[in-house]
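S.K.: For A:59, A:346, the entry in TrEMBL reads heme b 1; low-spin binding site. Residues or ranges marked as Cu cation binding site in TrEMBL: A:206, A:256, A:257. Per TrEMBL, heme b 2; high-spin binding site is recorded for A:344. For A:16-457, the entry in TrEMBL reads domain 'Cytochrome oxidase subunit I profile'. Per TrEMBL, the feature domain 'Cytochrome c' maps to A:534-702. Among the features that TrEMBL reports, transmembrane segment is placed at A:12-38, A:58-78, A:98-117, A:129-149, A:156-183, A:203-225, A:234-252, A:272-292, A:304-321, A:341-365, A:377-399, A:497-518 (among others).
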C-alpha cells in the first residue's frame, strides 16, 4: 500500500474559530442588552433600531447561526480532515464558505436593525439572504462531500454520520420553510398561511434546534470528547441505534410547539408522542459521551476542556429530558408562553452549545498553535463563572415562569380571574428579570476570560496553517463480504448513507404537513373571515417590522383562564389569510388575538392605542413595553400597497380583480376615518402616518369572528 | 456490580478495526435500562394515540367545554340584589373601593377623579351615563367599550363593584385641581 503525503488545512479552521469567538461576543452582548430591556425598558433607547422587537431576533440569530454556526464549521473543518485523512476537498470552496457565511451574518444584522424580517422565528431573514444561505450551504455540503469521496479512511466515523444528517436536513428545512413570494426586491410573503404556516414554521423551528444545535454538536462531541480524554468511545452499537432513532424521530416533534392551538388534534398528538420517544435516543448521546469518560474522571478534575464538555453533555441530558416533559400537554399548558421556555433553551444554548464550544476551543488552540494553553487557571475560572452564570440565568426564569403561569390561571372564589390585569403578573416577576441580567453578565464575563486566554495562547505559539500528514491510500473494495455487518458496509458508502438519512428525515415532515392540505376538515372555513383591508395589511407589516409578535401571541388557547381573560378561543379558520401566521410563542405582554373585538374583554379605543404606542409607561407606569414614537412621526409608505395586494392575490387571498389599483383609495379613506376619530378626543394627527395603519390592524384582530355571532 | 479491571474490560470490548484519527470504539452492549426506557416510550406513544384517536378520549375542545361547565356549576350564588343597591358607607368598604379605584381607574379618570384626555370628570354633577348609584354601578359593570369604558364584571365581584361605585359617589363636589370640563347631563 502506497503512503500518500498531504497537509491538513488549519488556516480555515483558525478563521472559523476566530469567527466563532467574535460572534459569540457579539451575540451574547446583544443578549445582555435584550435582558436589560426586559428588566428596564429605558434600554430600548426610544429608537426604532434598538427596540426589543428588533434586538431579540438579532440575539437569537447571532447566537444560533453566527456563534454556533461558526462553531459547527470549526469542528467540521478540523475533525473531518483528520477522520478522513484528507485535506478539505477544495480550498477555494472553503474560503467562499467562510466569507459567504460571514457576509450573511452581517447582512442579517443590518436587515434586522432596519426591521426587515419575515417574523418567522429563527427564519426571520428575507428572501435574498435566504437564497444566499442556500448557496453557501450547498458550497459547504459540496466541500464536505468532496472530501468524503476523496478520503483515505475506509469507514465514516459516527461524527461524520451526524455531519451528513446535519447537511441534508438543514438544507431541506431551510428551503421548505423559506418558500415565499417576493413583493419587492427585499421583502416577501410566505406561501403558507395560518395553520399550515405555523406547522411548517415549527417543523423548521424545532428541527433547527435538532439539526443545527444538536446533531452537528453531537458530531463535535464524538470527535473532541474521546480525543481530549484519550479514551475509546463507550459503545459503537449505541452510536448506531441512537443516531438513526434520533434523526428519524426528531423531525416529527415540531407540533409540540403548537399544543392547545388551533392546529388539528391529530398533529398535536403526533408532536407529543414523538417528543416522548425522543428521550431515549437523545440520552443515548449523553451516555455514550459520559461513559466514554469511565476511568478518566481524574483527567476531568485537571482539565478545563473536559470539565466544559462534561457539563455540556449533562446540560444536553437536562434539556432533552425537559423537552419531552414540556411536550406533555398538561405540562405545556403551564409552561408555554412563559419564561420556562426561555430558561429551557438557555440550558441548551449556554450549557450544551456554549460549553461544548468553549471546551473545543480550549482543546484546539494549543493543538493548532503547537503550544500549551496560556493559563489552565483562567480556563477553570471561566468554567466556574460560566456555570454560575447559567444558574443565575435559568433558576430565576424557571421560578418566575411558575409564579406567572399560576397567576394567569388563578380564579377567585367568586369565579373571577384573580389577576385580570396582565401587567400585574409581569410586575410580579420583574425581580427575576433583574437577577437574569446578573446571570447573563456572569456568563458573558467568563467569555472574556476565554478570549484573553486564547489570544495569549495563540501569541505564545505559531499556527501551523498547513499541517503535514500522511496516510495509506484507500483500498477500494466495494463488495460486501459475509462477515461485514450491514451498517459497517453502509459506513463506507457515503452516498447510500446520505440517501438513507434523507429518507429518514423526510418521512415525518411529509406525514404531518401534507394532510393539512388534503383534508378539508382540518381547517374548517369560517364564512365571516375576510381579507385585511389595505390599511390593515400595511399595519400588519409594521407589526411584523417592529417584532410585536416577539412579546404578544395571537392564539387564545381553549382554557377557561384564557377565554375569561381574552375572549373566545382561536379557530383554525381565522388565520387562513395570514401570510405569515403571527401566533407567537411567548407572552411578555398579553395575547392580542381578540384585541379588536368590539365590546370584548381586550377592546381598547383608538385614542388608547395612540397614547399607548406613544408612551406605554404613561398609561401604566410599570409597563415594560418599549415606546414607539416614530410610528406617529413616520409617513406610511403606500407605494408598496399595489404590489402587496397583488402578491396576496397570487397566494390565494380573494381580493377582487384589479383591486391592487384602487387599494390605496380605500387605505386613505380608512386612515382618515381613524384620524377623525382621534381628533374627537383631541388628538391631531395627519392621516398619512404609520400609527393609523397599526391602529387599524389592532382593531381588526378578532373582529371577523365576532361578526359571525 | 463487581469491579472489573478497566484495561481488561477494554481489551475484551475494543473493536479491532475501528480507529479514527486515534479514536477507538468499544463494543459495549447498549445499557439495558436505556433499551427499556426506549421501549416504554414507544408503548406510551401507542397507548396515547389509541386513547385519544381510536377510543375517543376527550380532546382539547371537549376538555374545555367540561372545564367551563364545571365553573358554571360552581359559580357562587351571591344573594346580591342589583335592583336595590344601597350606598356603602362603612370605611372598610370605602377603603376597598378606593384601592380598586387606584388600581384600575386612575389611568382614565385621574387619581382624584378629575378626568383626563380619555375619561370624564367624576367629581362634578355632570354625568354621561346617569349619576345615580345604580347608573354608576351599571356603567362599571357593563362599561361602554366603544367609548373606552371597560366592562368590569369579569374582573370585579358585585360587591367590589358596589364598593368602588360608592367610593366614586363620595368624590362628588371634591373639586380636585385640573378638573376636566363638564360632560353630559346635569344631575342634581
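One-based numbering along the chain as shown.
In case you wondered, yes, glycine gets a Cβ from its N, Cα and C as well.
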S.K.: Under 8 Å between C-beta atoms and at least six residues away from its ends: which parts of the chain pack against the transmembrane segment (A:129-149)?
M.R.: 73, 76, 80-81, 84, 86-90, 93-94, 96-97, 100-101, 103-104, 107-108, 111, 123, 156, 160, 163-164, 167-168, 170-171, 174-175, 178, 180, 494, 498
S.K.: For the recorded Cu cation site, whose residues are A:206, A:256, A:257, find every other residue on that chain with a C-beta no more than 8 angstroms from the centre of their C-beta atoms, and list them by sequence position.
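M.R.: Neighbours within 8 Å of the Cβ centroid, excluding A:206, A:256, A:257: A:202, A:205, A:253, A:254, A:255, A:258, A:271, A:275, A:327.
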S.K.: How about long-range neighbours of the transmembrane segment (A:497-518): same chain, 6 or more residues beyond its ends, C-beta under 8 Å?
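M.R.: Distant Cβ neighbours of the transmembrane segment (A:497-518) are 145, 156, 161, 164-165, 168-169, 172, 176, 195-196, 199-200, 203, 211, 244, 247-252, 254-255, 264, 267, 270, 274, 490-491.
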S.K.: Near residue A:206 (Cu cation binding site), how many other Cβ atoms are within 10 Å of its Cβ?
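M.R.: Other Cβ atoms within 10 Å of residue A:206 (Cu cation binding site): 24.
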S.K.: Can you tell me the CA-to-CA distance separating residue A:346 (heme b 1; low-spin binding site) and residue A:257 (Cu cation binding site), as a whole number of Å?
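M.R.: Their Cα atoms are separated by 17 Å.
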S.K.: Indicate the candidate from A:257, A:344, A:346 with the smallest number of other Cβ atoms within 10 Å of its Cβ, considering only these binding-site residues.
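M.R.: Least crowded of the binding-site residues A:257, A:344, A:346, by Cβ count within 10 Å, is A:344.
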S.K.: Report, in whole Å, the straight Cα-to-Cα distance of residue A:344 (heme b 2; high-spin binding site) from residue A:257 (Cu cation binding site).
M.R.: 13
